[in-house]
Amino acid sequence: MEVFKVFISLTLILCLLCNCVHGYGSYRSKIPNGNNVPHPCKVNYIWQGVGHRKKEGAGYRNPFGEDFKTAGKVWTKELCQKDSDGDGMTNGQELGDPSCSWTVGDNPPTAEKISHPGICEPWTDPKCQHQLSWLESECEPDKFDCPALQSDPDIKNMTLRFPLTDVPIQDTSYMCTEFEVDSSDDFHLIATEMLVNNTNVMHHALLFGCSSDNHTLRSTPHQCGMVASRECGEIIAIWTIGLSGQCFHENVGFRIGSQGFKRVALQFHWNNPTLETNYKDQSGMVLYYTKNKRMYDAGTFLVGASYLEIPGRTVSLEETALCPGVCTSRFITPEAYIVSATNHMHYLGRVQQIEQFRNGTKVRDLTNDQNYNYDDPSPIHYKTPIKLLPGDTIKTRCVFNSQNRDQVTYFGDATSDEMCFGFFTYYPKENIKMSSCTSWKSLPYCAVYSGEEYLGCNFVEFSSKQGIKMFTEIWQNCSTECTTECLSKIELLMNHACMKGDYYDLMKTSMLRNNPQAGSFFIMLENCQASIPTKATTTEKGANEATTMFVHKFLLLTTTMVISLCGRF
């Protein structure tokens, strides 16, 4: 009899960041498409403070804000039919409700183009010049300000740029190109500045350090995963809409050159939801580095949730993820210091908070954004670094609002999917032995794959030893039909702690990812188990058709399962 292993694949997802504070964000739900009002002069930006002169809200109102206030902050037919900004379109036309039929709680009306009801457009048109006194500053390009670049006379810079590249005709694309960096000396990378060429598609960029420089250099743009490659997997710089660049903490730098990363991979996340056929991009990133190294090498660390399932039409759904003390006690030695923290969700995200606990008591909030804005990030920089000790627990909490969607939203990399992650930059790099600590539902990956028992299950041991024995016994006892002996073996398997609750879901999901046919295997287990009450009173000769089908399908799947369930940890 052939023995097979259960394969559980661990995917650590890497992505981006955001965090900002606004006032009165709830008013956006009181007008049609209130969360989708575009910035009039910055492609891909959302104007969150629809009724205000500043995109983030607060301060003086714009003409629509004044009219909204006059209407009692209610979407009335009169307000809908009014042209608040004087550009020739009614407020209803600009917000996708030309018939003025939308009411609070309805799905946002579908429209080919949404525009701003409080800003005359196009904003450069002569008829719109009256608003330049307050709008012009909002339309200026984001400027990169990093004082360290002026204080160090030995600063060098290197520009990494994609050649002019066709944007794939698909909703979401991850494109990567590798570059060799200056290895003439031992340097610290202290800042990065983004050069955006095509604002229509650019969503975010990541710079990965390559642990190896022995592989063939992938020097032309190519589609890649959320991590650039197996060799290039350590995030050292991040850019997203709303940022101009990164200026690292004065005590840290990322080691590049002769004693550090000799190669880097630049990754772009392009969004092309309208499937345009003629988009091209040649964006890039400037690296600023110096031989005058700072006190510590920096590292990046990711926390959050790797599983999300958000029902449609839900006003508030909270998801939490733990990086428990049982994990940090193993991979933090002896201590680390956080110098910056950033939140990351997508468009359904409303609140994100990351908390630090020690000995069961809350120490502090590492982030706490009660009015999250995906399009206007504001990373938190700690002038006094935050100490992180072995045994500390990090809890990530995300709140989502899907009231304007009918369908379920899952975890994923597209902007129409969702995420719940936090990024930390810390030092010294060598004091944290893992790059991420994320959870799948209630299960922290670090605990599941530790080789020790967590919530009653030693998952590594079960998958490599006990599970093999139990699956083999099922094979031996279910060789012809779902007999009483077969049922008892399946019941024993399904009652094991590693086959219950979120462990069961994790195993099932991982096996399906590796081989879609594995779904039939789990259906058969569940169907056979469900027949236990009736099987006791049914002879083998009179076994029902469902359990007989179980056996035949089980036999057909065995060869495939032997291959698909074999894996590594």
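All residue numbers here begin at 1 and follow the chain in the order shown.
Glycine is no exception: its Cβ is also placed from the backbone N, Cα and C atoms.
Any TrEMBL annotation is an automated prediction that lacks curation.
The domain 'Temptin Cys/Cys disulfide' annotation in TrEMBL covers 22-119.
Positions annotated as domain 'Copper type II ascorbate-dependent monooxygenase N-terminal' by TrEMBL: 160-275. Note on the domain 'Copper type II ascorbate-dependent monooxygenase N-terminal' (160-275): mean pLDDT across this stretch is 93.
Shown for the domain 'Copper type II ascorbate-dependent monooxygenase C-terminal' (296-441): DSSP residue counts in helix, strand and coil, namely 10 helix, 82 strand, 54 coil. The annotation domain 'Copper type II ascorbate-dependent monooxygenase C-terminal' is assigned in TrEMBL to 296-441.
Annotation comment: TrEMBL describes 84-107 as region 'Disordered'. Panel annotation: around the region 'Disordered' (84-107), residues 29-34, 37, 62-64, 66-67, 75, 77, 114-121, 125, 127-128, 131, 403-406 of the same chain, lying at least six beyond its termini, place a Cβ under 8 Å from a Cβ of the stretch.
According to TrEMBL, the feature signal peptide maps to 1-23.
Across the region 'Disordered' (84-107), DSSP classifies residues as 4 helix, 0 strand, 20 coil.
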